[in-house]
Amino acid sequence: MGEKSRKPLLVLYASQTGNALDAAERVGREAERRGCPVTLSSMDEFDANSLSLENTVIFVVPTTGQGDAPDAMKVFWKYLLQKNLSKSWLQGVHYAVFGLGDSGYQKFNYVAKKLDRRLHDLGASAIVERGLGDDQHPSGYEGALDPWMTSLWRVLYQINPTFFPHGPDYIPPTSQLLDQPKYQIVYHELGLLQAGLSVTDSKSPAMEIERARSMSPAKLSYDKSTPDAFLKMVRNEPLTRKGCGRDVRHFEFEFFPSTISYDVGDVLEVLPSQNPDLVDAFIQRCNLDPEAFITVCPKQRGSHLLDGSKSGQALPINLKKYVELAMDVTSASPRRYFFEVMSYFATAEHEKERLEYFVSPEGRDDLYQYNQKERRTVLEVLEDFPSVQMPFEWLVELVPPLRKRAFSIASSPSAHPKQVHLTVSVVSWTTPFKRKRMGLCSSWLASLDPLQGVTIPSWFHKGSLPAPPPSIPLILIGPGTGCAPFRGFLEERVVQDTTSSAAPIMFFFGCRNEGNDFLYRDLWLSHSHDGGLLSEARGGGFYVAFSRDQPQKVYVQHKMREQSQKIWAALSEGGAAIYVAGSSTNMPSDVMLAVEEIISKEGGVAREAAAVLIRRLERDGKYHVEAWS
């Protein structure tokens, strides 16, 4: 069968942070290297109605939050759930699903499992058993991806040998393996540039951010490049005792323009600033001209990245500014393909051999230990291989994008007009080789002095915690920085209570020690007495679990069980809503288990029936979870 008559293998992905895109591109590269034509597409750019017309489809999907589908998949998934689709709609379509998840979460790879079941229900035939990548694996998701792809190629070859003309295990000579970069860099003459652009337009921070991030190869179609507002810090207050081993800060910001509005429970995204010295070091290491003006343009060939938004006439941007705003060279670790491309540009034989070993199946675990476990940055990796000189086109494509960081808003707009507050844990850790690491955004925010007047690009959007009506009693569970959105909930309800009586709040908070990290202690206590919204006299309550102030650890779920009768009364008689926020590791599932036990015990029903009732609460919008790792 000729090349033109073969229908390409379709690889559909939905990426939230970039990992699924990386995995999908790897699947596509490996298929193409075996001689199979490939079409790669994001689910939000694919017409779900035409899925039944495809022959063979590979799906690569992550699970986000508490078993949620990524944003790019939601419209596609909604289409698949239509009741009018027959059980034979996808008959004749062969498919395979690879999921990306973390087994530390309760709903591990939930989206991949749901998708697999739904495709089967619609009549599609699975090529191989679904693959489930796990961040907990010593090699990350690639620990499952490599063997899954090997099985996939072999079964595909059995189904249709024309997919791989030279067989499923064929790999072309090394000299033919390197692809061409998908993007090109156009350099502009400064004189011509100044003639065509006003100084105001070219230097506007909002325009620079929009220009840099809209050119980025990693830009997602649903991602907004232009900031909603700029923040100016007015308060930077430590909430934890100095020297206790944890650094949690309360930040207050004014925002401009002041016309921006938000609700309690919303999320604020912040674009962090990279260390300028390290950005300069990257530019120098790569022999780049920091004064150059560039545009990043997609090459005009068949590529999933060539959408209309990137092929128009983009305004040039200063090269250094592009690196600062769009390329994470100082905190993110590069992907495996970065090392593969590096190996082609290494001129020192020992460096070339080490890079080739890293990207081989035998070196996969060692690469994971060297790169991801140590969280080596792009700059550090390049400095470890000094003979490598990668063209800027490849760096633009392969360096991880500088991503916005999302935080639950910790304030009420009614209580703090024209301000937004955050509760941020300053992230720090030690790697296996005893290297001290700091979170890029949290450490940068903590270093800011309000008097500096630094402007911070920001975006407001809805999160997983919708603002509750004032008439609904609330059961809030927020240990640690999970209390952040509930500070806003309480402030909002206090304002509402001044005009008409608002429903009470039961709040379960947890921290390690009363003397070290009892966040917002005075606020909670002030509203738990004298008829406050957290007072038991009003039907509310404030309950704290100090996990390490006694020999046996006590957590929020233990405090909930102590108040089981009160929680059951609030649910069964008061119509209360449950909101959970905090660490995603074990807490959300432990809390749900406690709620299930309380319903079973106090309601006198079996555990299975209690679980059904919790699912009903979720469907009715009365059980919400916002968790983060």
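Numbers run from 1 along the shown chain.
For all residues, glycine too, the Cβ spot is worked out from N, Cα and C.
Going by TrEMBL, these are the annotated features:
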- Ser15, Gln16, Thr17, Gly18, Asn19, Ala20, Asp135: FMN binding site (BINDING)
- Arg375, Arg405, Ala406, Phe407, Ser408, Gly439, Leu440, Cys441, Ser442, Trp628: FAD binding site (BINDING)
- Thr481, Ser547, Arg548, Lys553, Val554, Tyr555, Val556, Gln557, Asp590: NADP(+) binding site (BINDING)
- 9-153: domain 'Flavodoxin-like' (DOMAIN)
- 226-471: domain 'FAD-binding FR-type' (DOMAIN)
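Taking each Cβ in turn and tallying the other Cβ atoms within 10 Å, the top scorer among the binding-site residues Thr17, Ser442 is Ser442. Close to Val556 (NADP(+) binding site) in the fold, though at least 6 residues off in sequence, lie Ile477, Pro479, Phe508, Phe509, Gly510, Tyr543, Ala545, Met587, Val591, each with a CB less than 8 Å from its CB. Looking only at the binding-site residues Asn19, Ala20, Arg548, Val554, Asp590, the one with its C-alpha closest to Leu440 (FAD binding site) is Asn19. In sequence order, Arg512, Asn513 constitute the residues six or more apart from Arg548 (NADP(+) binding site) in its chain with CB-CB distances below 8 Å.
It is Val554, among the binding-site residues Leu440, Val554, whose Cβ has the fewest other Cβ atoms within 10 Å in the structure shown.
The closest partner of Arg375 (FAD binding site) among the binding-site residues, by CA position, is Asp135; the full candidate set was Ser15, Gly18, Ala20, Asp135, Val554.
With Ser15, Gln16, Thr17, Gly18, Asn19, Ala20, Asp135 listed as the residues that bind FMN, the site has a largest C-alpha separation of 15 Å. Nearest Cα neighbour of Thr481 (NADP(+) binding site) among the listed binding-site residues (Ser15, Gln16, Ala20, Ser442): Ser442. In this record, NADP(+) is bound by Thr481, Ser547, Arg548, Lys553, Val554, Tyr555, Val556, Gln557, Asp590; the longest C-alpha to C-alpha distance in that set is 19 Å. Between the alpha carbons (Cα) of Ala20 (FMN binding site) and Ala406 (FAD binding site) lies a span of roughly 19 Å.
Cβ neighbours within 10 Å of Arg375 (FAD binding site), excluding its own Cβ and spanning all shown chains: 14. Largest Cα-to-Cα span within the FAD-binding set Arg375, Arg405, Ala406, Phe407, Ser408, Gly439, Leu440, Cys441, Ser442, Trp628: 25 Å. Ranking the binding-site residues Ser15, Gly18, Ser408, Thr481 by the number of CB atoms within 10 A of their own CB puts Ser408 at the top. For Asn19 (FMN binding site), other Cβ atoms within 10 Å of its Cβ number 18. For Thr17 (FMN binding site), the nearest neighbour among the listed binding-site residues (Ala406, Ser408, Ser442, Val554, Asp590), judged by C-alpha distance, is Ala406. Helix, strand and coil counts from DSSP across the domain 'Flavodoxin-like' (9-153) read 58 helix, 33 strand, 54 coil. Within the same chain, the residues at least 6 positions away from Asp135 (FMN binding site) whose Cβ sits under 8 Å from its Cβ are Leu100, Gly101, Asp102, Ser103, Gly104, Tyr141, listed in sequence order.
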